[in-house]
Amino acid sequence: MQSPEPPRPPDGAQDTRVLLEALAGVFGSGTLKESMTVGAGLLAHVLSSEQAAVFLADGEEPLREYWHSKVPEVRERIRATFKATALEAVRAGLVVTPAPVVVGERLIQPCAHPLRTGGRVLGAVCFSDPGEQGQKGVDRDRLIEAVTSVLAHKAASHEEAVRYRAQRERDQSWFKTLDNHLRVLDRERQKFAAFVNQTDTFVYVTDGAKIIRWNNRAMTVLYPPDGAGSSWVGKSCSDVCSRLREKCEDCPVSAALEHAQVIHHELRANVRGTEGLLYLTALPILGPSGGADEIMVMIQDLTGLAGLRKSEERLRTVISGAPIVLFAIDPQGIITFSEGRGLSALGRKSGESVGKSIYAVYADYPDLAQNVRRALGGEEFSAEIEIGEVAFEARYAPIRDGRGDVQGVIGVATDISDRRRAQRALLESEAALRRSEEQLRHAQKMEAIGVLAGGVAHDFNNLLSVIMAQAGLLVKDADPRSPAARIGAEIHAASKRGVFLTRQLLTFSRNEVVSPEVIDLNTVVAELEGMFRGFLRDDIDLVCARAPESALVRADRGQIEQVMLNLVANSRDAMPNGGSLRISVAHVAVGGSMARELGTAAPGPFCALTVQDTGLGMDSDTKGRIFEPFFTTKERGKGTGLGLSTAYGIVKQGGGSITVSSEARKGATFTVYIPSLDGSTASSGAVAPGLGGGAETILLVEDEAGVRSVAREVLEMEGYNVLEAEDGVKGLQLAMTHQGPIHLLLSDVVMPGMSGRDLAERLGVERPGIRVLFISGYTDDTMVRRGVRDAKVAFLQKPFTLENLAKKVREVLDGPGVGAAPVPDGS
């Protein structure tokens, strides 16, 4: 909308009054902006000013400005000056004429007049004063005063109109809000009336004189004062009390009126012909003064609720004595009920957690929180949960309202810790039974293999006996520097390795013949070092360290070798990527505490055989089971689990002990402790040095031709007279027909026809005083069954060397303690 053009000023001949009438007509209509803009333009035209502006202020701050400018580019450069000049005129309430301002080639003199009405300054007009260059014949001061007066009145009337409209809008909003509040109050009153009229609770309102002014429907229908449907309005509050009981003592309504407080009261009364419990509540309705003007009274019949409380108490007693936890949870996870003896297992009391979030109480158990969320999601289910060391089986069920929406969770948790322990014990028993069955099957297999191994060992022993003896004869007859001597020595060494392997086979079958003797562990380690180097891989370095003095022990050499082999094999398998292995012998003094720790028979001097590797090591669990039979850490089919258990059994049977020190990835150290022999003990049990041949007559009975031949050759080489037979029957015939003495029977044990023992018994009768030496390649178990392994029977285990044979024959012929012919059973 364009602003109307200001009227042109009249010529000087016209009267100023005409100009003022035109000015009044212009400002009689139009908006505030139009009026202020026209006023600024008219002022500029009348005064011949290039620039004129009207500033309206809110307080002392100019907020709105209305311009008339003949040169717009000049206006922008003097805007700030005009605004500051107008602000000063507003603040001072006076005409302000500051110093002129130079704009380009123009010299502009600002001049500001305040807009004043009713003693208030509403703003100011500011214009460029043309001075003497202005229009002639114009009453300048009167015109400015007229214009500012009209503008001030126009601004004041506009301000008043704005205030009026704002007040009218506020009044309309207030009345609308009041109407809304009245409508809300009316709806609440209707809802309240509907509610209290539907309840069975008695509700009535009394005034300050305790006269009933209103009562709900229940009082009219269920408890009418004067017949069916009659109202209590107008009657005294005491009438209600007297109907319930004869006398109303400590009136709660009077107390509520007096103290302006809510009063609660219980009373026993006759309710519909029966004794019941009533609960009365008096609520004061406060007036403007703050006192109670009226009292709202509510009377509830709690007779049924009291019975329900007793039932709840009985149920709570039952729950508290059962090993369960009954719980209820609202949709926010707040525990609303928690009872049961099962809580004591968790260190909690009944009701202790009520009002708390289950997610906070059991924050360390995310499975429990997940179960609660599942149930709140509408799922009914059972789940097992462990809280600390207590196991529960919990049943969760969502609580739904009439629309089917979940309003919480109820559940029961049963303590199943004892059942869990019983199940674990049963599983462990079943596992132990399965292990025992597996071990039994394994033992049966091992027994079958042992029988086979014993038979194989017997045949090997016969072969090795021939080979070793013949090799010994070859070396003995040959020049030590000749090839024959060298070849014989190599054959003898290979045969000894065969003997060692046969002993391994017998040990594996548990049927090795045990022959304790005095041996030096230093010597055993030295003799086995070469074999161990061939047994180990090239990436394993072997170091053997012997004790500075002889390490004499009484033990079966074959068993000691087997123990060492098993320990070395274990270390080899523990170093798949190579490493170092150290075998050492040392003397150790075992004291009382150490003896108890090792589990040895008694303290004293011991020899310690140590096998130390740099392999994978083992953890504490593995270390605790390392000596168990059939326990192995190898893959299925790659280990029997018998190596270390066999070593353990051999050492313990000999009165020693074996220990292991190890950590995962730090290698392992096995130490075997064997009782040591001093010099006197060693010498008393040692065999006298030297082979010592003789001229006695020996009856040699052996069914293996090779063994019989080499044995005869060795004995004849030693100077003995040898009678030879291939079985027991022929041996007996030869003994009966021989005219001269027979000093010694050298016989195999197991032979066709007549066994070696049967032959010895017959000769013991026929030739009293004859000495007997049994030889056999069978196992110790066979020898026991044949009755030739008691302490007084001399025995030589195949295979044997010529030195062993010659030495043993001489020992039996010379020794009084062993070698006597066995006595027949029953004699």
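Backbone N, Cα and C define each Cβ position, glycine as well.
All annotation found in TrEMBL is predicted automatically rather than curated by experts.
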According to TrEMBL, which stretch among 419-446, 643-670, 755-782 corresponds to the feature coiled coil? 419-446
Just to be sure I understand the packing, how many Cβ atoms besides its own are within 10 Å of the Cβ of Asp748 (4-aspartylphosphate)? 27
How many helix, strand and coil residues does the domain 'Response regulatory' (697-813) contain under DSSP? 53 helix, 25 strand, 39 coil
What is the number of residues in the domain 'PAS' (311-376) that are helix, strand and coil, as DSSP sees it? 32 helix, 13 strand, 21 coil
